[in-house]
Amino acid sequence: MAVNGDAEHEFAPQKKKPPSEDEKRKKKIVPGSLMKALVRPGGGDSGPSDGDQVIYHCTIRTLDGVVVESTRSDYGGRGTPIRHVLGKSKMLLGLLEGIPTMLKGEVAMFKMKPQLHYGEDDCPVSAPDGFPKDDELHFEIELIEFFKAKVVTDDLGVVKKVIREGQGWESPREPYEVKAWISAKTVTGKLIISHTEGEPYSFTFGKSEVPKGLEMGIGTMVREEKAVIYVTSQYITQSPLMPVVEDYAEVQFEVELVHFIQVRDMLGDGRLIKRRIRDGKGDFPMDCPLHDSLLRVHYKGTVLNERNRVFYDTRVDNDGQPLEFCSGEGLVPEGFEMAVRLMLPGEIALVTSPPDYAYDKFTRPANVPEGAHIQWEIELLGFEMPKEWTGLDFKSIMDEAEKIRNTGNRLFKEGKCELAKTKYEQVLREFNHVNPQDDEEGKVFANTRNLLHLNVAACLLKLGDCRKSIETCNKVLEANPAHVKGLYRRGMAYMACGDFEEARADFKMMIKVDKSTESDATTALSKLKQKEQEVEMKARKQFKGLFDKKPGEITEVKSDEDGDQRTSENQRDSEVHVDSDATNLQDSHETAPNLPPRGWFSPLFWFFLFSLGLVLSLLAYWQENIFFKAS
């Protein structure tokens, strides 16, 4: 009888998780090797489990009562209890098995065979010098406390105990500004510092203004959370909070995270900084205008190097009306838009921007000097997301697509090719979910998609990425090898890459498939021929005189001295126009900046000639000055 595949999969046995190292060790325990005697009962209903931090005192004795080792000061120890995390810390096998059977406050005596303590084969804990690891011993354990622990560092040098849960999910990080109530004490309860009255302690995250371990623990907290952070000596560093660091084995910091101000280094180099002044509404970043949206903001702009002179304030200079703009369209300076995209509605932020992200690459107000560092105080009043295409009919979808494409065309003409490319690609992504219902809609859809691909190719060519431009043109030509506009644009991209033969083939194919394009194709072929001649002349000039020297002399290759002239010529030739329709080729006469050619006059070819000439010169020199003299 056939078995249903889904049912077979449903009832198939689940693959068991491989046992942990601790579980493998526990299988070594045999009856009678670990015995427990209750000395003092504890409280509560359950004992510790994996993931819990356990804090306990331990005194080890021989069977006749001689103390071998102890954490208690009464028996010569330091008085510092042991702190382990079950399932994480390296522990003796007997304690690993016995401590989970205890309750908080309980005292118990464990009688262990050698194989349950340091006498275990491959014991992960090294025995102290002179320790009787081959003897049966008594381990007196007092379980002081246990709780679920947040392990901050893998070596358990920083562990956090949550006392009160906080609000939200965001935690402070560099370079956030943090306010917290902080106190610190030793494991014996001696108070070291206390900032629990007056004003909370303020510090900048990542500036070493608090001990390293404390900062790492605070980096796992959320607003209003209260926690104890256990920090061992290697993470207790000197800081303004603790100017003097004594020989503490461990410090327990009690922290209540009052507030933190989100400070973002937008570029990662400290030049463009966004500092939140007032919190907005919603969750960051889900409720931020990350995608292109219609934004409404109030802002005040200040020139920083002129005693903070205000050059524009929407509340004063715009009759109190906010600024409305669509993001992703280059309508505001780049630094301004980057900051607003990471704001919540109602948030107020202070943004400090370098000149290249402010007005040096944007239309500069008359009262802002060139090279000025700018500070904007921005309030995001609200934003509207673009219209969803779901549920729209085909005509409405194409109308929306046309609006976005026209915006891309405007951005392209303004020289903002990266933004233009983003707009075209946005529509292409949306087109993945559009299904034309008949042949007429299919034709309109295909033509529009081809135009968008060719517009992307134009942007890539303008940005100097001719290889990707060729790949994008191929998306059109694979479906329609006779697409004249695609052939033309790919030919121009091939020419920019130095693939002259491929370019010539595309231009000739244009004439073959559509006689009406002969004029455009002829012009392109003429430009191609001129380009080949320019490359040849450049190569000849670069290696001019290379073989005019006497035998044995080496001529240095001269650098091109007419670079400025060629650059201006290249800029004149590199006018790229986006496609507005599928028939006009005059808008598409483009080349990209000169790239290394791969044709007959490539640098590799001339390097070969240079090497050959050098060898021949040396042979002539040897023949004239060595062989003849010897004879």
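Including glycine, each Cβ sits where the backbone N, Cα and C put it.
What TrEMBL records for this protein:
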type	residues	note
REGION	1-31	region 'Disordered'
COMPBIAS	1-24	compositional bias 'Basic and acidic residues'
DOMAIN	51-147	domain 'PPIase FKBP-type'
DOMAIN	194-261	domain 'PPIase FKBP-type'
DOMAIN	292-384	domain 'PPIase FKBP-type'
REPEAT	484-517	repeat 'TPR'
REGION	554-593	region 'Disordered'
COMPBIAS	554-580	compositional bias 'Basic and acidic residues'
TRANSMEM	600-622	transmembrane segment
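Taken together, the residues in the domain 'PPIase FKBP-type' (194-261) have a mean pLDDT of 95 on the 0 to 100 scale. For the domain 'PPIase FKBP-type' (292-384), the DSSP counts in helix, strand and coil order read 14 helix, 36 strand, 43 coil. Secondary structure of the domain 'PPIase FKBP-type' (194-261) per DSSP, as helix, strand and coil residue counts: 10 helix, 26 strand, 32 coil. Residue counts for the repeat 'TPR' (484-517) under DSSP, helix first, then strand, then coil, are 31 helix, 0 strand, 3 coil.
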